[in-house]
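Student: Just lifted these from TrEMBL, have a look:
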- 24-42: transmembrane segment (TRANSMEM)
- 63-87: transmembrane segment (TRANSMEM)
- 107-134: transmembrane segment (TRANSMEM)
- 155-176: transmembrane segment (TRANSMEM)
- 196-218: transmembrane segment (TRANSMEM)
- 297-322: transmembrane segment (TRANSMEM)
- 353-372: transmembrane segment (TRANSMEM)
- 392-409: transmembrane segment (TRANSMEM)
- 429-452: transmembrane segment (TRANSMEM)
Amino acid sequence: MEAADYEVLSVREQLFHERVRECIISTLLFATLYILCHITLTHFKKPAEFTTVDDEDATVNKIALELCTFTLAVALGAVLLLPFSIISNEVLLSLPRNYYIQWLNGSLIHGLWNLVFLFSNLSLIFLMPFAYFFTESEGFAGSRKGVLGRVYETVVMLMLLTLLVLGMVWVASAIVDNNKTSRESLYDFWEYYLPYLYSCISFLGVLLLLVCTPLGLARMFSVTGKLLVKPRVLEDLEEQLYCSAFEEAALTRRICNPTSCWLPLDMELLHRQVLALQTQRVLLEKRWKASAWQRNLGYPLAMLCLLLLTGLSVLIVAIHILELLIDEAAMPRGMQDASLGQVSFSKLGSFGAVIQVVLIFYLMVSSIVGFYSSPLFRGLRPRWHDTAMTQIIGNCVCLLVLSSALPVFSRTLGLTRFDLLGDFGRFNWLGNFYIVFLYNAIFAGLTTLCLVKTFTAAVRAELIRAFGLDRLPLPVSGFPRASRKTQHQ
């Protein structure tokens, strides 16, 4: 063989080894996420649904739980996608010739983006509907009972749903873009239909983030205040301990002497209330025993960090709005070739990249807090060892919609200059200036409004509690007037 043939073979062998290495790394990363999500769902699932007398229902729930675990792992991967890409770029910039990070390259990052996009489509369009119909199915009438009969019914229902969604997307495409070419392109299932459908779902996810994130940013202050120990000026833990002990004693006395009350008592409800009070009392005791440093320094620093991160997010979005009016390059766009390690995506270098990653995670956590705090989705909130299987499926779908829209959300707001890779950058609405500009303006306005309203209301309420004005019989804003019966007591 000639030297040229040996060179071609060596190049092919090198490409083969690179592809194998990327597959191994992707598999290890996904396996890690899958194990973490499986542990998480195990702590939230209802054990009674997996230890039933009917082995068929238990088997169906186990299969549905594995599908939910896969979906939640994909959602977690979508959250980590953009931060991992930003950090990888900075690492390659700092250590361009390091032997131990040769595996970290643009091909690996681009492959991860494509895998997350593919698995998101697979989970949202096939796996989660299959899991829901599978748990609700009973088999066709007259067929043999068993898991296989449920599978047949689920497959038929899924095919009917696919035809329905296909028709709805085709009609929506005809209404939005009345073009024969665009309608005919939907017949290409893999190249056009699935990306177009995912584009619609991603647009809904971005709109959901637009509503939930400002609400979550405002709620983060109250949630953090419940988790941390406040200074004694702002919180009287001793009084709360006394009240909790008195309520627990009263309920225990009512359980021990049920005949003393002429009304019928729900003993199961009373036992649950006692357990809840005992858990609350244990948490209050732990907070009461907290050190002075944790009490007087931890809470103010946490509030200051939240205020700083929220203000920085609004400032970056405001600067991005001005850039949209001046520079066309500020518009979000896709990138087909991931050329990493050439230039930093932040003007502040590695420090700016770290700030971008922190802000992305902070906004994602805030959007989840706002999602579960909204009145529409409050009932979907999972409970520890008491979450039904259908509720787990709903949570996985919502979290996947939110997380898969996070890269588009972050790039649209200008939180990072890292362009969207793969099919994430093929969304048609990303090139519309009016949609992007209006989205940024609404986010900045809603976040500022929620922050000012919540922060001023929280400060006012804490000052009223600190000075004891909530115990006065006077009508105070934010507190109900005490009844005459309570005043006499």
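Each Cβ is built from the backbone N, Cα and C atoms, and glycine gets one as well.
TrEMBL does not curate its annotations; it predicts them automatically.
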Student: If you count Cβ pairs under 8 Å, which stretch among 63-87, 107-134, 196-218, 392-409, 429-452 touches the transmembrane segment (24-42) the most?
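Tutor: Between the candidates 63-87, 107-134, 196-218, 392-409, 429-452, the best contact partner of the transmembrane segment (24-42) is 63-87.
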Student: Near the transmembrane segment (353-372), which same-chain residues lie under 8 Å Cβ to Cβ, leaving out any that are not at least 6 residues past its ends?
Tutor: 79, 82-83, 86-87, 89-90, 208-209, 211-220, 223, 309, 312-313, 316, 344-346, 378, 380-381, 398-399, 402-403, 406, 409-410, 415-416
Student: Six or more residues beyond either end and a Cβ under 8 Å away: which residues meet both conditions relative to the transmembrane segment (63-87)?
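Tutor: Distal contacts: 29-30, 33-34, 36-38, 40-41, 45, 50, 109, 112-113, 115-116, 119-120, 123, 127-128, 130-131, 134-135, 338, 340, 345, 353, 356-357, 360-361, 364, 389, 392-393, 396-397, 399-400, 402-404, 406-407, 410, 416, 418, 421.
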Student: Any chance you could find the range in 297-322, 392-409, 429-452 with the most Cβ pairs under 8 Å to the transmembrane segment (107-134)?
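Tutor: Highest pair count goes to 392-409.
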